[in-house]
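Asker: Pasting in a structure now, in structure tokens, and then I'll have a few things to ask.
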């Protein structure tokens, strides 16, 4: 039986786990063994960790847990996209999405319950900010998804070789602004990269930010993974409206931060994400302005057709307009992709499942009834 003050071992990266084992009087190699059991063999308890001394297993049973996020619902799209809704307590939920492709499998991971940045086109931002996720809640999304996907394919837990791994890429592009939860996100990403955990390369872990400039610099100094920047506008006036954080860190400051980051980045370009909004930011003139503002930053563009949601007041750009916009960028020699819409039959926009939970919670608070996450049957 664990004590009320037990620690969740998923909260520790390698350094933290060494320190914790040291506090139990154990040598550093025990931390490596423990980490492999947790993150490579999906161990849920300590009794099965047969290469750990029985005395250590007994210590751990009295002091520690391997506490996973609670799955509220699991949805599978006709195109293979899979979305989990994770209950993080107090009527809050976050989403984790797996996107299978022919040569890779990408997991989109959330870092916060809600988001304080409040981008105009983002469903999550409309919910407001509830709290930061813990390291355990962040890395737990990858652990949950990797082993659930392996089980669905009949693959056993074990060291994450290329033949066994299902999740080949992680993008910190789910709910929340990762750089506003830096102290929990970075240890989680260290585990993603650790060969004794998930063993992904820095090129295969991408953090997406709306432009928290000071933390971009810190990330570059401490853990430079691939970087994506949510740009969405080619000038400060429009970006102030679409991405309010721009008022604090305007485009000139943001572009300078991107240049600094590239000096240490695992890739030689920044990915700029650009949500295509009909009549707002999608003209050829906007595209030319975009080229001008990013001219000193080696980059590629990822154009994202807007996923409509209630109360946004926005419309997705027409396919032909997206094509014209993209062509301006391509003609200038900039690599440009248009994101495919995936999983429309299970959720039209990131944050909508969690938003429905939030709406039910608010209704419960008004009516005095108990809030509860209701499981949604997989499609």
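The backbone N, Cα and C atoms fix where each Cβ goes, glycine too.
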Asker: Which of 201, 208 shares the S-adenosyl-L-methionine site with 176, 177, 230, 231, 232, 307 per Swiss-Prot?
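Answerer: That S-adenosyl-L-methionine site, as Swiss-Prot gives it, pairs 176, 177, 230, 231, 232, 307 with 208.
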Asker: When the Cα-Cα distance from residue 231 (S-adenosyl-L-methionine binding site) is computed for each of the recorded positions 108, 115, 119, 122, which gives the smallest value?
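Answerer: Nearest in space to residue 231 (S-adenosyl-L-methionine binding site), counting only the recorded positions, is 119.
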Asker: Spatially speaking, which of the recorded positions 95, 108, 115 is closest to residue 176 (S-adenosyl-L-methionine binding site)? Use C-alpha to C-alpha, please.
Answerer: 115
Asker: Of all the binding-site residues given, namely 208, 230, 307, which is spatially nearest to residue 122 ([4Fe-4S] cluster binding site) at the Cα level?
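Answerer: For residue 122 ([4Fe-4S] cluster binding site), the spatially nearest of the binding-site residues is 307.
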Asker: By the count of other Cβ atoms within 10 Å, pick out the sparsest of the recorded positions 95, 177.
Answerer: 95
